[in-house]
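Step one of this worksheet: look at the structure below.
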Amino acid sequence: MAFLNKEIRDGDNQDLTEERRTATFDTDKMAEVIYGSEKLARRRREISHAVSRIPELADSRPLPFLDRFEKVTEGTRKLSVLDRHLAELIDVNDNGEALHLYHEVMGMEGHPLALHEVMFVPALIGQASDEQYEKWLGRAKRREIIGCYAQTELGHGSNLRKLETTATYTPSTQEFILHTPTITALKWWPGALGKSSNYAVVVADLIIKDKSYGPHPFIVQLRDEKTHQPLPGITVGDIGPKMAFNGGDNGYLGFDNFRIPRENLLNRHSRVEADGTYVRPPHAKIGHSAMIRVRSHMATGQGWLLGHALTIAIRYSAVRIQGFLEDKSHEVKVLDYQTQQHRLFPAIARAYAFIFCGFETIRLYDQLILDMNSNGNTSGMADLHALTSGLKSVVTHFVGQGIEQARMACGGHGYSMASYISEIYGVAIGGCTYEGENMVMLLQLARYLVKSVELVKSGKANQLGPMVAYLAVADHKVNLATGPDSYVKMFQYISKRQSWKATEKFLKFMENGDSRDVAWNKTAVELTRASRLHTRLYIMETFIRRVESVTDIPVKSALTDLLNLHLNYELLDVASYALEDGFMSSNQMDFIKNQLYSSLEKIRPNAVSLVDSFQFSDMQLRSVLGRRDGHVYQNLFDWAKSSPLNKTDVLPSVTQYLKPMMEKAKL
């Protein structure tokens, strides 16, 4: 018999199989919607299956039992194995397949090539000239050299204008002199910098004839290509253990008057002539394109992380039996409790929404780069910079919350590293601070919103971009029973109201004599609220568009249930903004709550199948609680027995310290 859920196997936990048999849609078809096409979803499955047939790629031991040195060594070992099998596993020219392969094999721990693929190569693609392509890009793609992206410093991260590393041009030798003038100028945090990379794209303050031209990217050789020893004038090393990514070597980097050729300034958009003449880029923020790219991908990447945690929590909730409902002779699944559903199901909706929104933003970024490289058009740069700043902050915040809820939903066993949720959490919340601290990101978007409101106030609403056009729309009462569009209108009202309120408060402070910066600081909390609302509105709109585009009827029906839950949950979360001035009635509030509870009931039969549709392999999940077969308890016991502490019945520390102490107590 063919089942709609393609994860059903003989011998699986019967409770989990029972859940899968209630699926109302084909999980392979849902995966096609999640990943964007039949080919992309199929290739993920094929790669995962191919990896499972290479024993050398399996973890030598459960990763939580490895120390940091062992994790780095294990990751490097796997990379060498992958290098031998790469051509048979993936299309080496397909970056998406490569990233999936690395994630499948390496897990969440990080590895030496992570930043090479995600930051170094894309920085070259986005900012190198054609001549620099010829010199560097091929070598980087073939991995003749391994690179990273070194921007953040010990003393400054989000405030790029205050980066202290200098690159001073000397016309007589046509060289830049890279220098680290203070301890706070040390590059700090870049992944793969500490021990793995021999090259880096370094962001430094360009100085010509004692004048600063702001941060610019330079390609810099850090280590000898034959010996891998740091070059003279380079100080480089590992910064130590972190909350997560401990299979990677995040590092520090300092320069002592280190010279590089003039040609090492990545100069697709700006350049320095031999005599020191500076040729400006066409857009002031064009150097931010590498950061915008990463932020464009973060929504999708964070959505996957949330999906990992929810796959574990939902599957475990379907096999964990606890308590009674109607039949007092049989305990029920934890997933049957409304509180468990309310804790987990809205997070499933958010995971889908973030993934869909991320893909939409990546498309916008790709179009921006195409326009920049083909005709120099940078008109979309400011809009996308603002959007990705807000997305990065809102998505990482909610993903961190959702993963922690997933951990707690697993009860006491969620606290064990066997669940692997703590590792997922550590990886996810790193996103709250890397590539821009979240509050700073919200305030960057707020500047865009304030400028947009000021345009409306000055009668220039026709200059608004499409993402903020609603800020000029007149308010109308909303009937929420008419469908998703009514929820969008209600959310637009709430977002618009907060953007106007924050802007007018900011302007009032300036009218009363405060400087712009002081007024901005006094309004910062209200401004960040406006940014969150605007971003959540965008996520909602992209979720609606994606669901409306689905053609498979059963898949669309299941996604519509998920979308309805998302709309009601998100609106309920911000309803106080509309209740304050009576725009939303108490009857509408009751309607939203009832719709939310109804959505939980509709989603319940499909809950396991919705997370199965992510199609994460057991190797990717690395979770005893989230195993595909549902056989949790025996495997949890086996996992515990593999602890290094269990190699001996009596630990040396017991013999040396505890036993004498106990013997002494008997005297």
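Even glycines carry a Cβ here, placed using N, Cα and C.
Where the annotation comes from TrEMBL, it is an automatic prediction and has not been curated.
A quick note: this is a predicted structure, and the numbers were derived from the prediction, not measured.
In the three-state DSSP scheme, Glu435 (active site, proton acceptor) falls into the coil class. The local packing around Glu435 (active site, proton acceptor), expressed as other Cβ atoms within 10 Å of its Cβ over all shown chains, amounts to 23. The feature active site, proton acceptor is assigned by TrEMBL to Glu435.
Classification of Gly191 (FAD binding site) by DSSP places it in coil, neither helical nor stranded. What TrEMBL records for Thr152, Gly191 is FAD binding site.
Taken from TrEMBL, the feature domain 'Acyl-coenzyme A oxidase N-terminal' applies to 26-146.
Look at TrEMBL and you will find 289-450 tagged as domain 'Acyl-CoA oxidase C-alpha1'.
Annotated domain 'Acyl-CoA oxidase C-terminal' per TrEMBL: 484-663, in sequence order.
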Specify the count of other C-beta atoms within 10 Å of the C-beta of Gly191 (FAD binding site). 26
Within 10 Å of the Cβ of Thr152 (FAD binding site), how many other Cβ atoms can you find? Include all protein chains, please. 22
If one measures from the C-alpha of Gly191 (FAD binding site) to the C-alpha of Glu435 (active site, proton acceptor), what distance in angstrom results, rounded to a whole number? 12
Rounded Cα distance, in Å, between Thr152 (FAD binding site) and Glu435 (active site, proton acceptor) is 9
Tell me, roughly as an integer, the mean pLDDT over the domain 'Acyl-CoA oxidase C-alpha1' (289-450). 93
